[in-house]
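Now, the feature entries from Swiss-Prot:
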type: BINDING; residues: H84, H183; note: heme b b562 binding site
type: BINDING; residues: H98, H197; note: heme b b566 binding site
type: BINDING; residues: H202; note: ubiquinone binding site
type: TRANSMEM; residues: 34-54; note: transmembrane segment
type: TRANSMEM; residues: 78-99; note: transmembrane segment
type: TRANSMEM; residues: 114-134; note: transmembrane segment
type: TRANSMEM; residues: 179-199; note: transmembrane segment
type: TRANSMEM; residues: 227-247; note: transmembrane segment
type: TRANSMEM; residues: 289-309; note: transmembrane segment
type: TRANSMEM; residues: 321-341; note: transmembrane segment
type: TRANSMEM; residues: 348-368; note: transmembrane segment
Amino acid sequence: MAPNLRKSHPLLKMINNSLIDLPTPSNISVWWNFGSLLGICLLTQIMTGLLLAAHYTADTTLAFSSVAHTCRNVQYGWLIRNLHANGASFFFICIYFHIGRGFYYGSYLYKETWNTGVILLLTLMATAFVGYVLPWGQMSFWGATVITNLFSAVPYIGQSLVEWAWGGFSVDNPTLTRFFTLHFLLPFAIAGITLIHLTFLHESGSNNPLGIISSCDKIPFHPYFSLKDILGFTCMFLPLTTLALFSPNLLGDPENFTPANPLVTPPHIKPEWYFLFAYAILRSIPYKLGGVLALAASVRVLFLCPLLHKSKQRLTTLRPLSQLLFWTLTANPFILTWVGSQPVEHPFIIIGQLASITYFTIILILFPITQTLENKMLKY
């Protein structure tokens, strides 16, 4: 009998063990679909990005025109650009859902998988930020100026860091060139870290909605979950293509249709919607260094989740007090996102400050206290 090539060939065997015969808990729900959706988002972004890079010119005098040229003169250039710009939004929607699921079902207890996931989030945020600068519109230019200027808050070496990032004494041609280089390179770094993320995941096995060991009840990934993932792809691509075709600029900023002008400041400088929660936390502290530290902590606090877990149960499902806190925490970034999109004036300042305090208090203080209390109530 001839050996099964899928199981004997060195390369095919790796693919087979990761995507076909992978033992998967039989009861994982639709919340486990977001990992594969993130993979397809990354693939889509790399493909559309490579096509856009072929027509883009990383020069301050030509960048805006080259983007306009791509949309007007390149065959289906408008569609490729719209898919790339809105694909970034869907990428962040998927990753926020993915993190939320990990938080709710206690997946952060797989420490290595969780920590590489947080590194992936930080890399994705860096990639999206440098990408937003490339069209060289007003919001691109001023967003780059404001955010890179935050490095000046670093004691002693701050100003040198800023000038090193800019490649001069202001945001100019060298800045755009290095941002384009980073935006081209980082997605491949994300792909590499994703492989590490999956290696750690397959080492421990996937979590499940019951939070129990599922070794006795596993089924092959294909065809059961591969078909389920294809349904997920369809459910994601339908709204993405609808948005790209019917309302491509819905999530963008009108200021970015104006070429960058260093002499005219927009009335309200703000990043893309998926960064607004962190931007609101940055703005809530009135001095620069404190704001920068809070901005960094808003994402890096996720590294502490495995250390702050005090419950004897893995899941939040059977812990009503923790559930209440979880859904309060879920509502919090929506409030921060709304505040971040508003001008810096009363009452948005105080709302942002209260929401920022609530965000850190829930994660760092209330979750551990509540979990300890629940342990005592359940007599663990």
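Glycine residues also receive a Cβ, built from the backbone N, Cα and C atoms like all the rest.
Everything Swiss-Prot records as a feature, shown here on the structure.
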residue	record	CB count, 10 Å
H84	heme b b562 binding site	19
H98	heme b b566 binding site	21
H183	heme b b562 binding site	22
H197	heme b b566 binding site	21
H202	ubiquinone binding site	14
For the transmembrane segment (78-99), sequence-distant contacts whose Cβ falls under 8 Å of one of its Cβ atoms, 6 or more beyond its ends: 31, 34-35, 37-38, 41-42, 44-45, 48-49, 51-52, 67, 70-72, 117, 120-121, 124, 128, 131, 236, 239-241, 243-245, 248, 251-252, 272-274, 302, 333
Beyond the flanks of the transmembrane segment (289-309) by at least 6 residues, Cβ under 8 Å: 99, 103, 106, 108-109, 111, 114-115, 118, 121-122, 125, 150, 153-155, 277-279, 281-283, 356, 359-360, 363-364, 367-368, 371
Remote residues contacting the transmembrane segment (321-341) - C-beta distance under 8 A, at least 6 residues beyond either end: 96, 100, 103-104, 270, 273, 275-281, 283, 311, 348, 351-352, 355-356, 358-359, 362-363, 366-367, 370-371, 373-374
Contact set, same chain, for the transmembrane segment (179-199): CB under 8 Å, 6 or more residues outside the stretch: 18, 39, 42, 45-46, 49, 53, 56, 58, 113, 116-117, 119-120, 123-124, 126-127, 130-131, 133-134, 144
Surrounding residues of the transmembrane segment (114-134) on its own chain - C-beta under 8 Å, 6+ positions past either end: 56, 58, 63, 67, 88, 91-92, 95, 98-99, 102, 107-108, 140-141, 143-144, 147, 175-176, 179-180, 182-183, 186-187, 189-190, 193-194, 196-197, 200, 271-272, 274-275, 299-300, 302-303, 305-306
Spatial neighbour of H98 (heme b b566 binding site) that is closest, considering only the binding-site residues H84, H183, H202 and their CA atoms: H202
Cα-to-Cα gap, H183 (heme b b562 binding site) vs H202 (ubiquinone binding site), nearest whole Å: 29
Between H197 (heme b b566 binding site) and H84 (heme b b562 binding site), the C-alpha gap once rounded to whole angstrom: 24
Rounded distance in angstrom between the Cα atoms of the residue listed as 'ubiquinone binding site' and H84 (heme b b562 binding site): 30
